[in-house]
Amino acid sequence: MTMQTYHPAAPMSLEANEHLKARFLKTLAAFLSGAGLFLIALTLIPFQGVVAVDLSSGNEGNIINQVGYLGLGVVYLAAMLLIVERRTMVRILSPTWLLIFGIAFISCLQSYDPTASARGLMLSLVAMILVAGVLVLPRSEEDFVNAGANAILLLVLIDYAALFIVPDRAIHSAAGGEPWHAGFWKGHLLHKNVTAPVFSVLCVFGIYCFRAGARVRGALIALLAMNFVLHTGSKTTIGFLPIAILFVLGGRAVGRPGLMILGHFLFTILIFALTLGTIYSDQLLAVTTALLDDPTYTGRDAIWRFASTSIPDHLWAGHGYASFWLSPVIRGLEADFEATWDVRGIVSGHNSYLDAVLTFGLPGGIAIILLLFVKPFYDYARANQRAGNRHFADFCIMVVIFMTYNSMMESFFLNRADPMWLLTAVAVYGLGLAARLGVRGPPR
C-alpha cells in the first residue's frame with residue numbers, strides 16, 4: 001500500500017522540482033539582467049554633488065569602482081556559467097572585442113606608467129563581464145525587456161525624486177568651477193554633459209520597450225528621460241537625439257534601412273566638418289561661425305588644437321591608454337592665460353575620435369573607431385535578416401548612431417565604468433550577438 005501510494009508520485013515530484021528550478025533560474029537571470037542595466041546607468045558612486053576633481057588614481061571613487069566592479073564581475077561570470085548554455089558561452093566571445101582590448105593593452109606599453117594604465121584597462125575589461133551578463137542572461141527578449149523596463153523606470157523615478165529631496169546633488173549650482181551651469185539638471189551623475197547622453201540612451205531604451213510590448217513603462221521611460229535631457233541644457237545632445245531616433249524609425253517605416261545608414265554617414269561627415277574640421281580649415285570655421293552662436297563649442301576647439309598638435313609626437317603607437325592628459329608632462333606645463341581651457345586640469349580631449357588616435361596611434365585609433373562605429377552597421381544588416389531581431393537591433397543601432405555624434409563632443413572610449421562607455425558597449429556588443437546568435441523569443 002505504501003509503495004502504491006508514494007512510488008508513482010516520485011516522478012511527479014522530480015518533474016515538479018525541475019520545473020521550480022527552471023523557473024527560479026529564469027527569474028534570477030531576468031533579475032540580474034535588469035540589475036546590471038540599472039547599475040551601468042546608475043554607476044557605483046551616484047549623487048556625488050560638487051566634488052573636486054582628483055587627478056590621481058587612488059581616490060575613493062576609483063577604489064569603490066575597482067572593488068565594486070570586481071565583485072560584480074565575479075557574480076555575473078558565475079551566473080553566466082550557471083545559467084547560460086555552454087555552447088552559447090563559447091560563442092559570446094567576440095573577435096571584435098578581443099581586437100579592441102588587444103590594441104588597448106598594447107598601447108599601455110607606451111604609457112608613462114604602463115602598470116597603472118594596464119590596471120585601469122583591466123577595470124574596463126571586468127566591466128564588460130557585466131555588459132555581457134545583461135545581454136546573455138535573460139532567457140528571452142520578453143524577459144530582457146520586462147526586467148530592463150522595471151530597472152530603468154525605477155532609476156528615472158529616483159532621479160526625479162532627487163530633484164526635490166536632494167536638489168543640491170541633482171541640480172547644478174553656482175558653487176564649483178562652472179557657475180554658468182547653475183539650474184541645469186544632472187541627476188545622479190557628476191555633470192550635465194554626462195547626464196544628457198546617458199538619459200538620451202535611456203530615452204531610446206524606453207522607445208525600444210514600448211515597441212517590444214512594455215508600452216506603458218516604455219512610454220514613461222521615453223517621455224521622462226527626454227524631459228530630463230531637455231533640462232540639462234545640453235544643446236548638442238538635444239539636437240542629436242531626435243536625429244538618431246528619426247534616422248532609425250524613418251528607415252524602418254519606409255522599409256529602407258540602407259537609406260538610413262547612408263543618411264547617417266553623410267550626417268556624420270557634416271558634423272565632423274563643423275567640429276574638428278574647424279581647427280584644420282578656415283573655410284569650415286567660417287561656415288560654422290555663420291551657422292552657430294558658439295563655433296568654439298564652449299572652448300573645446302582650444303583643447304582639440306592642443307591635442308592635434310600632440311598626435312605627430314607618437315603618430316603610430318600613440319601615447320598609451322589613459323596616459324596623455326594625466327602625464328607629468330601635461331600637468332607640469334606652464335599656464336596659458338590666453339587659452340579658454342587649462343589643459344593641465346582636464347582628463348580628456350572632449351572628442352573621442354581625436355583621443356583615440358592620440359591614445360592608440362593612427363592605426364590603432366582608426367581600427368577602434370571602425371570596430372565601434374562602422375562594423376555595427378554590418379551587424380545591423382545581418383541581424384535585420386531575422387524579423388524577431390528587429391526591435392532590439394533598432395535599439396542598438398539607435399544608440400550607436402547617437403553616440404557617434406556625441407563622440408564629437410565627449411571622450412569615453414574604454415573609459416572604465418563611465419556609463420556613456422558601458423551603454424555604448426551594450427549596443428555594440430548586443431548587435432554583434434544579434435547578428436551571430438539572434439534574439440531569443442519566448443519559450444514555447
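Using N, Cα and C of the backbone, Cβ positions are placed for all residues, glycine too.
Where the annotation comes from TrEMBL, it is an automatic prediction and has not been curated.
Positions annotated as transmembrane segment by TrEMBL: 28-47, 67-84, 96-112, 118-137, 144-166, 238-254, 261-280, 353-374, 420-439. Positions annotated as domain 'O-antigen ligase-related' by TrEMBL: 221-368.
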Looking only at the domain 'O-antigen ligase-related' (221-368), what is the mean pLDDT? 91
Please spell out the DSSP helix, strand and coil residue counts for the domain 'O-antigen ligase-related' (221-368). 100 helix, 0 strand, 48 coil
Same-chain residues at least 6 beyond the ends of the transmembrane segment (96-112) with a Cβ under 8 Å from one of its Cβ atoms are 118, 121, 124-125, 128, 314, 317-323, 327-329, 359-361, 364, 367-368, 371-372, 375, 414, 428-429, 432
For the transmembrane segment (28-47), find every same-chain residue at least 6 residues outside the stretch whose CB is under 8 Å from a CB in it, and list them. 61, 64-65, 68-69, 72, 75-76, 79, 83, 130-131, 133-135, 137-139, 143-144, 146-148, 150-152, 154-155, 162, 166, 169-170, 188-189, 198, 201-202, 417, 419, 422-423, 426
